[in-house]
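Pulled from Swiss-Prot, these are the features on record:
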BINDING   TYR37, TYR175, GLN179  L-tyrosine binding site
BINDING   LYS238  ATP binding site
DOMAIN    357-414  domain 'S4 RNA-binding'
MOTIF     42-51  motif ''HIGH' region'
MOTIF     235-239  motif ''KMSKS' region'
Amino acid sequence: MASSNLIKQLQERGLVAQVTDEEALAERLAQGPIALYCGFDPTADSLHLGHLVPLLCLKRFQEMGHKPIALVGGATGLIGDPSFKAAERKLNTEDTVQEWVDKIRKQVAPFLDFDCGENSAIAANNYDWFGNMNVLTFLRDIGKHFSVNQMINKEAVKQRLNRDDQGISFTEFSYNLLQGYDFACLNELHGVALQIGGSDQWGNITSGIDLTRRLHQNQVFGLTVPLITKADGTKFGKTEGGAVWLDPKKTSPYKFYQFWINTADADVYRFLKFFTFMDIEEINALEEEDKNSGKAPRAQYVLADLVTRLVHCEDGLAAAKRITASLFNGTLSDLSEADFEQLAQDGVPMVEMEKGADLMQALVDSELQPSRGQARKTIASNAITINGEKQADPEYTFVDGDRLYGRYTLLRRGKKNYCLICWK
């Protein structure tokens, strides 16, 4: 695929929400490799699924020979982006933000190639140019190029200005200037010609384009990817437990894999275009195959495999599939201690218990049963398994052999109701 066709390919995948001067950008891409960047503010100690589409777009550009720059906002993370936010963000300490910067840089690194010649990726931090800038320099060299009239008319902040209960502080109002200067600065340092980001960043991106033109007389471009929505109108990237994170300590590979397995049929083929590198033709063929097979669609498993491998590598995918298979067939012999740690983290409901507890008490404490009386009936009806083995004795008390790796016992009621006991 020719680099000049990259915008068209992104559009075919539904990955372009807005683009500035599409024709001129296509011409610029046709002339040869460019440098581009995407910013990631450290608003938490991990990126989440919402960051994955722009991050993978950086990867798509690099695979076509372009030079990606992942900018982690050590400075902008101290301020907070007000774009489309209903209320002022809580300001975090410098130490906290720096810790998050380090974590996010490490998280971004595996997606890009930092050692591949001329288009090797760069990791940047905007604290490098803002950290020692004084307020007079900021106001004279940056502020004078921004019209407050235009800033208050940007959709991203207009909503806040129009709310009686929530105004906007000067701190957050200034964010637009900071991100705008990032673009101008990266244009000067690395010849960056394109910024990509989520569609909520459009106002910040266009500010950067204007500022770069004013400061350096260079034409640069902006491209936004859509904010991902689900066909049923519910928010993408959320589970009952909250956001789906890229950090395995916050969302285990098993839970991550299950998130994709549970994708609705109405969303799955679109998500294959957004989150994987499968060819459009392959995705269309898979959709056709699923329609005509008369069986459960295969697409969810393809999606879960590809995205889990991208984020958690081969080992993470193997563990997720191993845990999934073990829970499905009821045999736990293949599970490692690390697999049980994933289950305890967020895979199934978990309860901590003292040794000496009996089965009835475990069912009540785990909320698999409402009372000891009901637990007794359920056990007697042969509906309970301990580590995959049926147990029909209501008076059963756990023994050391039930404690896998000396710590874990998996209870199941019926076919799908699990609880993991972690013994104290």
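Each residue, glycine too, has its Cβ placed from N, Cα and C.
Recorded features from Swiss-Prot, shown on the structure.
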| residue | record | DSSP (3 states) |
| --- | --- | --- |
| TYR37 | L-tyrosine binding site | strand |
| TYR175 | L-tyrosine binding site | helix |
| LYS238 | ATP binding site | strand |
Long-range environment of the motif ''HIGH' region' (42-51) - Cβ separation under 8 angstroms, sequence gap at least 6: 72-74, 77, 80, 89, 97, 99-101, 103-104, 107-108, 198, 227-228, 236-237, 243-247, 250
Within the predicted model, mean pLDDT of the domain 'S4 RNA-binding' (357-414): 97
Number of Cβ atoms other than its own within 10 Å, given for GLN179 (L-tyrosine binding site): 27
Integer Cα-Cα distance in angstrom, TYR37 (L-tyrosine binding site) to the residue listed as 'ATP binding site': 27
For the domain 'S4 RNA-binding' (357-414), residues assigned helix / strand / coil by DSSP: 19 helix, 14 strand, 25 coil
